[in-house]
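Listed in Swiss-Prot for this protein:
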- CYS72: active site, nucleophile (ACT_SITE)
- HIS167: active site (ACT_SITE)
- GLU169: active site (ACT_SITE)
- 1-186: domain 'Glutamine amidotransferase type-1' (DOMAIN)
Amino acid sequence: MIAIIDYGSGNLASVEKALHGVVTSDPYKIDMADKIVFPGAGSFSAAVSGIKNIRDIIIEKIRNGTPYLGICLGLEILFSESEEGPGTGLSFFNERLKRFKKGIHMGWNTVEFNDNIIFSGIKKGEYFYFVHRYYAPLGSYTCGKTFFNGYFTSFININNIYAVQFHPEKSGEPGLKLLRNFGELA
């Protein structure tokens, strides 16, 4: 079962439809999940607040090897903190998310990614849909980057953690392929 984290915001319906997952904030269902998806929309602080009762089980599941896919805010919540506001994320990466100096990154853009199972069958140069104002700087966790006012991290994969800054559920066939690839992980 794929648990799609319900933190009181986010684009849950299209992710649920694409992955045939279960939208939940129930710690028991999350604990029983084979995979976890944290879809993204909303603010860092609101997400931190929205997961306060399930934060520990999410961290435990990820640490124990459960495949995790973070989408947009689901990538951002992996970090310690954000310029967006107060609160402590899941802290898998001890970095502070930054705010773009010039507006919001909204629209279609490419991802320069290393070969990875999650991008299997997706051509380099494909476009994905982005909408975000905050970003993860480049770091040792960066497996894919995108250019908007400079390069930022748009794809992370370390062990069982997969995270994308774009919205695959809004990115047409390449995005749906990425979601299928995640769903097919052993």
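Cβ from N, Cα, C; glycine included.
These figures come from a predicted structure and were not determined experimentally.
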*Would you mind pulling the DSSP three-state label for HIS167 (active site)?*
strand
*What Cα-Cα separation, expressed in whole Å, is found between HIS167 (active site) and CYS72 (active site, nucleophile)?*
6
*Could you state the whole-number distance in Å separating the C-alpha atoms of GLU169 (active site) and CYS72 (active site, nucleophile)?*
11
*Which number gives the other C-beta atoms within 10 angstroms of the C-beta of GLU169 (active site), all protein chains shown included?*
25
*List nothing but the one residue from CYS72, HIS167 whose Cβ has the fewest other Cβ atoms within 10 Å; the candidates are the active-site residues.*
HIS167
*Which whole number is the mean pLDDT over the domain 'Glutamine amidotransferase type-1' (1-186)?*
95
